[in-house]
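K.L.:
Quick one: the structure is below, and I'll ask about it shortly.
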């Protein structure tokens, strides 16, 4: 079943890639408009945008989904096959609806579908940690859903459901931006992204590469607005870049490090959008999707081989698991922007545009520090993976069927070749004038980050308080959960209200009271004849006396 679904998705991916190239080379755009319901002056229409942007992103989503299903054939062996396939397909279809929709009504359907199905996938392994992670995930995303619902109300007032052919006012843009930053886990809504690691690793590969977190970036690219509120997005995305990069340097969980890396890269994309670099942001979005999904599949292969997620158990990968070591190496080099890897073409262009734009020194410093932190935590991964010393059992590192290796190989090919291919075909030549120093500044900061990683590795024992701040995402994890409520109102008040009066007088208490009352009345009803005779005898006796 996994293999059939994987083949269908991979073939569909190449079909949509062909349509994307056809539309790009022919400068074609198709707008499909189907009237579903009409009431008064308003029509609810199904509007689909078919252009090279939507087709190429759809091809990317389907290709990664096909590789994930191929990987899951071995990784999810022994699990409920139909349940997992149906849930992941619903997740992918919701993302496809967001990609193709031309009006807010159908974007909301896909948007809510992503949120609800992601909640079910996060709690797939039903335990206490997964339930907490699922609750943080869905509640954080519901904040953005409220913004999308309110934007629909504003669009009703304007007389149209689509925002593509109207002037974007400040309130409408703010509501749509709120939806984007919550879905893409920007500060202060970043805590749910590492928490979503409770989901199975193949699901994490989809969530962090091309579906859930990228939906907000994609919608922001589609808006393509130059509103003054972009300054808010600039500040929040800059904070997200620093948060992800710094926190990853104090983390020992391999899977969470990759999640924090996603957080930092999504911040880079949003940062680019805030400066009006929408197509470059989209370019980086596609390239990042491939090498990040490959990195997650490599993590999944390590977890499946009975190795802990702790970095200290990963020594000797190049000997015992060379395919996984190759996948982590390719994705890591693309992430730091090594020349002529796929990530180099997008990240280098972003840095050049930042340098050329005459931005404030603080903004450029934030970007360079985040790039340096990327080099720092990737150096940690490389050093721990290449080291011949580990605390794990080397004999447990194996692949059974080779399906994991095939999916990693497919994504590694795209991770190496995609950047150059897209650069030549889809990015038009442009003149960028910067000095030689500015040109090599990004690589210098990456090298500086590599050097800093060696210092952090030895100084981590002397920086425990700073490490506590970083590993807790600047205390966003506590703020996003009930720890803040406990600190503000005390645990006694929570126990008194939530577990006493609310349960006694709330729905559960009312149900219990009505149930007990009905049971007592059932006793009287079942013995009604005896009660009638007893009451008759009693009243007769009273009348005699």
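Our numbering is plain: 1 for the first residue shown, then up by one each step along the chain.
Positions of Cβ are set from backbone N, Cα and C atoms, glycine also.
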K.L.:
Scan 285-303, 304-322, 380-398 against TrEMBL and say which stretch is down as transmembrane segment.
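P.N.:
Range annotated as transmembrane segment by TrEMBL: 285-303.
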K.L.:
Given the ranges 119-141, 142-164, 257-279, which one is assigned the annotation transmembrane segment in TrEMBL?
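P.N.:
It is 257-279 that TrEMBL annotates as transmembrane segment.
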K.L.:
Transmembrane segment per TrEMBL sits at which of 7-32, 475-500?
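P.N.:
It is 7-32 that TrEMBL annotates as transmembrane segment.
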K.L.:
Select the range from 52-72, 84-100, 170-193, 229-250, 285-303 that forms the most Cβ-Cβ pairs under 8 Å with the transmembrane segment (257-279).
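P.N.:
Ranked by Cβ pairs under 8 Å, first place goes to 229-250.
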K.L.:
For a three-state summary based on DSSP, what are the helix, strand and coil counts in the domain 'NADH-Ubiquinone oxidoreductase (complex I) chain 5 N-terminal' (37-84)?
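P.N.:
Residue counts for the domain 'NADH-Ubiquinone oxidoreductase (complex I) chain 5 N-terminal' (37-84) by secondary structure: 28 helix, 12 strand, 8 coil.
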K.L.:
To the transmembrane segment (285-303), which of 52-72, 205-223, 229-250 is linked by the most Cβ pairs under 8 Å?
P.N.:
205-223
K.L.:
At least three Cβ pairs under 8 Å linking the transmembrane segment (408-434) and the transmembrane segment (324-345), pairs spaced 6 or more in sequence?
P.N.:
yes
K.L.:
Do the transmembrane segment (84-100) and the transmembrane segment (170-193) come close, with at least three CB pairs under 8 A (pairs 6 or more apart in sequence)?
P.N.:
no
K.L.:
At an 8 Å Cβ cut-off, counting only pairs 6 or more apart in sequence, do the transmembrane segment (170-193) and the transmembrane segment (229-250) clear the bar of 3 or more pairs?
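P.N.:
Answer yes: the transmembrane segment (170-193) meets the transmembrane segment (229-250) with 3 or more Cβ pairs below 8 Å.
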K.L.:
Return the average pLDDT for the domain 'NADH dehydrogenase subunit 5 C-terminal' (377-544) as a whole number.
P.N.:
68
